[in-house]
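Participant: Have a look at this one before I ask anything.
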């Protein structure tokens with residue numbers, strides 16, 4: 001069974017549109033500043049897509065192209081200026097940034113209440129402490145959970161997270177624990193992936209390794225939430241081999257699954273940023 005994203009996306013967009021209209025009625029235009037410090041064609045294409053989505057929701061998205069003539073000090077100054085600018089309600093730093101720029105250092109400066117991506121140390125720490133109501137949670141883990149919950153509840157379930165990266169795997173594992181799931185984390189050093197994930201009902205994949213989950217290691221009981229992104233033969237693919245789709249209980253497609261919900265949640269995160277900043 002393919003897990004459909006449309007109803008979730010439509011519901012999130014309706015909530016965001018209503019929130020944006022309420023802010024505008026009070027004379028406030030919700031605004032995200034997107035900082036692009038790369039000439040990667042895929043990143044630039046993704047930014048253009050987000051600008052279009054933001055416009056459709058009534059959100060202003062200001063793109064700042066941080067050119068190669070600017071250094072780390074200028075990067076940090078831009079973040080501090082964004083923190084201090086009350087008209088900027090959220091900040092996104094597109095990854096990867098070019099060589100010579102320290103993304104982690106910049107994140108340590110970014111105001112956590114403007115951290116739309118939920119990657120600052122404070123937001124990550126709040127998630128680990130089970131205090132998600134006070135945090136901006138990364139959009140992709142949120143999307144994974146929203147999609148999984150259309151199949152069934154997570155409380156008490158054995159689940160596997162395949163991947164331990166800071167943007168998806170680690171925060172997702174913590175957020176699943178917060179929902180009383182019993183969580184196993186697998187990764188590139190896991191010696192027997194099939195045996196590791198076999199007891200789990202839900203399997204969340206976020207490695208960017210095409211075909212990592214396949215007919216050789218998934219079962220008919222598995223629900224696969226695929227947050228992996230990679231290109232194979234010039235096509236966007238996930239971690240789950242689509243040819244194994246008939247052999248599992250349910251799965252999210254790539255493209256059109258987790259990524260689609262993630263794109264909508266980014267804008268919901270902006271509205272939460274605004275609430276944490278004191279906007280009603």
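Keep in mind that glycine also has a Cβ here, set from the backbone N, Cα and C atoms.
Automated prediction, rather than curation, is the source of TrEMBL annotations.
The feature NADP(+) binding site is assigned by TrEMBL to 163, 164, 165, 229. Feature annotation from TrEMBL assigns domain 'Tetrahydrofolate dehydrogenase/cyclohydrolase catalytic' to 3-117. Taken from TrEMBL, the feature domain 'Tetrahydrofolate dehydrogenase/cyclohydrolase NAD(P)-binding' applies to 138-275.
Set these features in their place in the structure for me.
Facilitator: Long-range Cβ neighbours of residue 164 (NADP(+) binding site) (same chain, at least 6 residues apart, Cβ-Cβ under 8 Å): 170, 173, 185, 187.
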Participant: Would you mind listing, in sequence order, the residues at least six apart from residue 165 (NADP(+) binding site) in the same chain with a Cβ closer than 8 Å to its Cβ?
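Facilitator: Listed in sequence order, they are 206, 207.
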Participant: To see if you understand the setup: which same-chain residues, six or more apart in sequence, place their Cβ under 8 Å from that of residue 163 (NADP(+) binding site)?
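Facilitator: Within the chain, residue 163 (NADP(+) binding site) has Cβ neighbours under 8 Å at 169, 186, 187, 204, 205, 206, 207, 227, 228, 239.
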Participant: Sorted by position, what residues of the same chain at least six away from residue 229 (NADP(+) binding site) have a C-beta under 8 A from it?
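Facilitator: When sequence neighbours closer than 6 are ignored, residue 229 (NADP(+) binding site) has 208, 236, 238, 254, 259 within Cβ distance under 8 Å.
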